[in-house]
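**Student:** Input: one structure, supplied below.
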Amino acid sequence: MCSSYPALNYKIIAKCSTTRARASVLELPHGPVEAPVFMPVGTQASLKGVLPDQLDRMGCQIMLNNTYHLGLKPGKEILDTIGGAHKLQSWKRNLLTDSGGFQMVSLLKLATITEEGVTFLSPRDGTPMLLTPEHSIELQNTIGSDIMMQLDDVVHTLTEDVRMEEAMYRSIRWLDRCLKAHKNTETQNLFCIIQGGLNKRLREICCKEMMKRDTPGIAIGGLSGGEEKRSFCEIVHTCTGILPESKPRYLMGVGYAEDLVVCVALGMDMFDCVYPTRTARFGNALTRNGILNLRNRRFKTDSSPLDTECQCPCCIPKEKGGWGITRAFLSSLVSKETVGAHLMTIHNTQFQLQLMNDMRTSIIKDCFPQFVKDFFIKWHKGDRSTYPEWAVTALRLVNIDLLED
């Protein structure tokens with residue numbers, strides 16, 4: 001199962017015989033991306049506290065940049081002069097950029113959406129500014145990302161159906177404008193975004209309409225705004241049942257470990273989220289046995305690594321070429337010293353990348369259902385009574401029963 005476009009060749013390597021999980025490869029202008037894949041978020045062309053070479057050594061094949069922030073600083077003119085975001089940040093692998101629309105609506109006051117675009121007040125001097133589909137694509141063409149996202153009409157998942165339907169149809173019309181504005185089809189891919197909130201009928205309509213536009217890849221948006229998880233999973237399941245198998249599927253803004261495992265089972269390939277790096281800065285380490293809050297007093301004299309199974313330099317002992325960082329050392333640093341945030345960010349990013357790689361391996365070996373069960377056992381320290389009901393229900397949709405031996 002494969003598809004081919006000027007700047008993207010997509011091939012499914014293996015499929016789980018029980019669930020909808022797939023292992024695949026996206027051949028992009030800056031190298032291959034093996035999926036399932038988690039994309040760390042370098043909002044302003046930088047993953048906070050991590051050098052591009054460090055991210056590369058972790059095996060990261062694609063990261064996310066933010067169009068809105070890069071449009072403000074350094075700005076289009078400087079990006080044009082430098083030659084794009086890859087050169088700006090000395091990043092030799094792939095980049096994905098969002099459209100900037102989410103930031104317009106979620107971060108800025110008095111944002112108004114019309115058919116023309118999103119009007120907002122400049123964070124610099126308060127003057128009205130307008131982001132249109134054409135402007136978003138122009139900025140992303142300048143950034144030079146390997147995957148660009150269309151500008152969509154972003155509304156909260158729980159918005160009433162009348163406004164949700166308006167946003168869904170407007171997103172389809174805006175995709176048409178984005179496609180017309182896209183100038184670099186030989187070197188950059190434009191993905192559409194499925195909208196429709198928690199309304200299955202709207203999601204089905206949007207899937208079918210977006211599929212007619214034949215973009216190289218398809219994203220599902222509007223599902224990381226705090227909606228009830230059971231409904232969230234039902235929408236993902238509905239969409240993956242309609243979308244073509246021969247194209248990559250990107251679930252936007254999702255990055256909790258349990259969410260990643262469940263949504264790979266439901267048939268998604270690509271994910272991004274600020275959570276792993278943001279929670280690192282607050283002293284929370286992601287491990288196979290759940291989340292460790294390093295601010296807890298019990299870690300102050302703990303000389304063990306964060307996770308004995310982790311391959312990040314923090315967790316590898318010095319005698320094996322790592323840094324040999326202990327929980328006690330991190331406990332004394334977190335939320336106080338920048339080096340603590342740096343080390344925790346490296347660890348959490350490596351955890352996410354390794355989790356995706358382990359899922360991919362299990363799909364290729366066709367033992368993914370057992371991987372899912374083992375993951376939940378470790379994450380919940382063997383206590384099935386703490387398994388979230390939404391996860392149990394969602395996985396049953398794809399023939400995995402977490403409560404069954």
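Backbone N, Cα and C atoms are what each Cβ position is placed from, and that goes for glycine too.
OK, TrEMBL features for this one:
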ACT_SITE  Asp98  active site, proton acceptor
ACT_SITE  Asp272  active site, nucleophile
BINDING   Asp98, Ser99, Gly100, Gly101, Phe102, Asp152, Gln195, Gly222  substrate binding site
BINDING   Cys310, Cys312, Cys315, His347  Zn(2+) binding site
DOMAIN    19-379  domain 'tRNA-guanine(15) transglycosylase-like'
REGION    253-259  region 'RNA binding'
REGION    277-281  region 'RNA binding'
**Student:** Neighbour count, 10 Å Cβ-Cβ cut-off, for Gly222 (substrate binding site): what number do you get?
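**Tutor:** Result for Gly222 (substrate binding site): 28 neighbouring Cβ atoms inside 10 Å.
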**Student:** Got a sec? Which of these binding-site residues, Gly100, Gly101, has the most Cβ atoms within 10 Å?
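**Tutor:** Of Gly100, Gly101, the one with the most crowded Cβ is Gly101.
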**Student:** Which one is it: of the recorded positions Asp152, Asp272, which Cβ has the fewest other Cβ atoms within 10 Å in this structure?
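**Tutor:** Looking at the recorded positions Asp152, Asp272, the Cβ with the fewest others within 10 Å is that of Asp272.
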**Student:** Once near-sequence residues are set aside, which residues in the chain of the residue listed as 'active site, proton acceptor', 6 or more away, have Cβ atoms under 8 Å from its Cβ?
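**Tutor:** In sequence order, Leu64, Asn66, Thr67, Tyr68, Met149, Met252 meet the Cβ cut-off.
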**Student:** Averaged across the region 'RNA binding' (253-259), what pLDDT does the model get? Just tell me the whole number, please.
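**Tutor:** Average per-residue pLDDT within the region 'RNA binding' (253-259): 97.
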**Student:** Is it possible to get the count of other C-beta atoms within 10 angstroms of the C-beta of Phe102 (substrate binding site)?
**Tutor:** 22
**Student:** So for Cys312 (Zn(2+) binding site), how many other CB atoms are inside 10 Å of its CB?
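**Tutor:** A count of 24.
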**Student:** Sorry to bug you, but what's the C-alpha spacing from Asp272 (active site, nucleophile) to Gly101 (substrate binding site), rounded to the closest Å?
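**Tutor:** So the alpha carbons of Gly101 (substrate binding site) and Asp272 (active site, nucleophile) sit roughly 16 Å from each other.
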**Student:** Can you tell me how far the Cα of Cys315 (Zn(2+) binding site) sits from the Cα of Gly100 (substrate binding site), in Å?
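**Tutor:** Per the Cα atoms, Cys315 (Zn(2+) binding site) and Gly100 (substrate binding site) stand 36 Å apart.
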